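To start, the structure under review is shown below, and the notes come after it.
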Amino acid sequence: MASPAPPVAEELPGPASRRLYSRMEASCLELALEGERLCKAGDFKAGVAFFEAAVQVGTEDLKTLSAIYSQLGNAYFYLKEYARALQFHKHDLLLARTIGDRMGEAKASGNLGNTLKVLGRFDEAIVCCQRHLDIAQEQGDKVGEARALYNIGNVYHAKGKQLSWNAAQDPGHLPPDVRETLHRASEFYERNLSLVKELGDRAAQGRAYGNLGNTHYLLGNFTEATTFHKERLAIAKEFGDKAAERRAYSNLGNAHIFLGRFDVAAEHYKKTLQLSRQLRDQAVEAQACYSLGNTYTLLQDYERAAEYHLRHLVIAQELADRVGEGRACWSLGNAYVSMGSPAQALTFAKKHLQISQEIGDRNGELTARMNIAHLQLALGRLTSPAAAEKPDLAGYEAQGARPKRTQRLSAETWDLLRLPLDREQNGETHHTGDWRGPGRDSLPLPMRSRKYQEGPDAIERRPREGSHSPLDSADVRVQVPRTGIPRAPSSDEECFFDLLSKFQSSRMDDQRCPLEEGQAGAAEATAAPSVEDRAAQSSVTASPQTEEFFDLIASSQSRRLDDQRASVGSLPGLRITLNNVGHLRGDGDAQEPGDEFFNMLIKYQSSRIDDQRCPPPDVLPRGPTMPDEDFFSLIQRVQAKRMDEQRVDLAGSPEQEASGLPDPQQQCPPGAS
């Protein structure tokens, strides 16, 4: 049952009203202070409960209410309830603008920008962060200016990182728009670094160095990236920040991998592993083991690689990370193949297949099936290659895997696999030399080129010439196996659809409903009206009735626009009294944003139409034991030639030597080659 609303000031005598409001103000402030204390202690859920209670009590102090909104938004942000955080930061921004609090408006704009960035609405976030920067510069707030510069760089950085993931490109090989976005991020980070150096803020300098290193890493400037990460590492050690130190070592390892210094990278990853154990972070420990296993693979030390991949597998199983567990099984299979243990490799390949099927990883499933087939053939467990478990390669290239792997098969093996695969993919055979069926020109279909080259008379004469007899349907069934894969439309079908569209276009006009009876009669009298008649009809439709209809739409839409306007009086927790109503009316009009702000807002709002597009299919979820950037899949594309030189042939069966089958290690994970 809802509690009764508190009495308003007009219903109570003067002294009673003042005492009631005094108690309510004290209660609201006490609740807010307790919520702030709990949030500082890290108990955000309890802090949110106290802040919400303070809003329920309400206050007439606009600055107090603005502070409560800001704290509530920040608390919801840390709880990852970003929609609620966005709501309260919007309330804070509206209230700050209404009462003319420029510093409050700047902080609210910055908080909005950070929340929009996490939601992936980068262009809107840039508008808000730029507003924060403008006000900070206007007020001479150097600390706020530095924070705004960092936030803008962070938004551009996040946007560029997401675009680089979508492009699936290696660091340094990015599309121009992604490079431009990352360059913008680097510029703002440089400005932030210069300002925080002037302010003497070492902690902020460390953050700037770390983000500059990450940005240059994505741009492919690996030497510059190592320079910035070394600066980040030094500041982290200065402050005793173990988490930042671990991140710096990990980033240094990634950069040295792309510089080809694998031994140096391994040392940095070992430091990462040591710090992750000190921090008691199992997920990060598994990531370090995964990176070390891949690095020792590049160093051709397969026994150590298998050791670290086994550690990764154990932690992934403890944390129920099926994605990481599957990747560990795949890596272990490759390592055991390189060590000459195909039986153990087959065990992990089957486990990889099982996990890929569970999590819906189509690429992983295809890779595992191919590995299992090749390992079974190598072990000589099957009597012939035709009896092996044939990998389902249909759609392999469409799933993003490299089709070049099939080119490594020997000629004999390729002859075994090509016939069924070609039939599945194309619906016809391409390599049976003894088959002599009728050509495509034998089919009784109208050919567009002949139609336009020979003319209609030749087309009419063609059936009587008897140069080509129609193909019997029974022959088609015998010679061309039926397939469920759709055939691409030919030029004949395109011609047919062009003609169909041309003649159907006029029929559509005949089926339209006329607005007036006179027009209906005219439509019945003439099936295909002339251009003049259509122009006259279009002029008739602009009748007074039509104008009344549009007037009705305009009036209804105007009411909907009014419903969408922001109202200060609807803010939760706000009690409007004679003391603050003047601030809400007078000061609110004086703080209208300038034209530059609205021009910038319109510019970035134009991209909101992208938010309405259908999203692409979800990618494979990232497991907690996998690094944020699975750098080894990138390494394999960069080091493709090196990897081939490092492969070890199986000392296998005669079947393998005769067929020339490649190692299962050549089958790469999704996104790798």
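Residue 1 is the first one shown; counting continues down the chain.
Placement of Cβ uses the backbone N, Cα and C atoms for every residue, glycine included.
Listed features, source Swiss-Prot:
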type    : residues : note
REPEAT  : 28-61    : repeat 'TPR 1'
REPEAT  : 66-99    : repeat 'TPR 2'
REPEAT  : 106-139  : repeat 'TPR 3'
REPEAT  : 146-178  : repeat 'TPR 4'
REPEAT  : 180-199  : repeat 'TPR 5'
REPEAT  : 206-239  : repeat 'TPR 6'
REPEAT  : 246-279  : repeat 'TPR 7'
REPEAT  : 286-319  : repeat 'TPR 8'
REPEAT  : 326-359  : repeat 'TPR 9'
MOD_RES : Ser410   : phosphoserine
MOD_RES : Arg418   : omega-N-methylarginine
MOD_RES : Ser442   : phosphoserine
MOD_RES : Ser467   : phosphoserine
MOD_RES : Ser469   : phosphoserine
MOD_RES : Ser490   : phosphoserine
MOD_RES : Ser491   : phosphoserine
MOD_RES : Ser543   : phosphoserine
DOMAIN  : 546-568  : domain 'GoLoco 2'
MOD_RES : Ser567   : phosphoserine
MOD_RES : Ser653   : phosphoserine
What parts of the chain pack near the repeat 'TPR 6' (206-239), using Cβ distances under 8 Å and only residues at least 6 beyond its ends?
150, 153-154, 157, 160-161, 164, 170-174, 179, 182-183, 185-186, 189-190, 192-193, 196, 245, 247-249, 251-252, 254-256, 258-259
Along the repeat 'TPR 4' (146-178), what average pLDDT does this model show?
88
Looking only at the repeat 'TPR 2' (66-99), what are its DSSP counts of helix, strand and coil residues?
31 helix, 0 strand, 3 coil
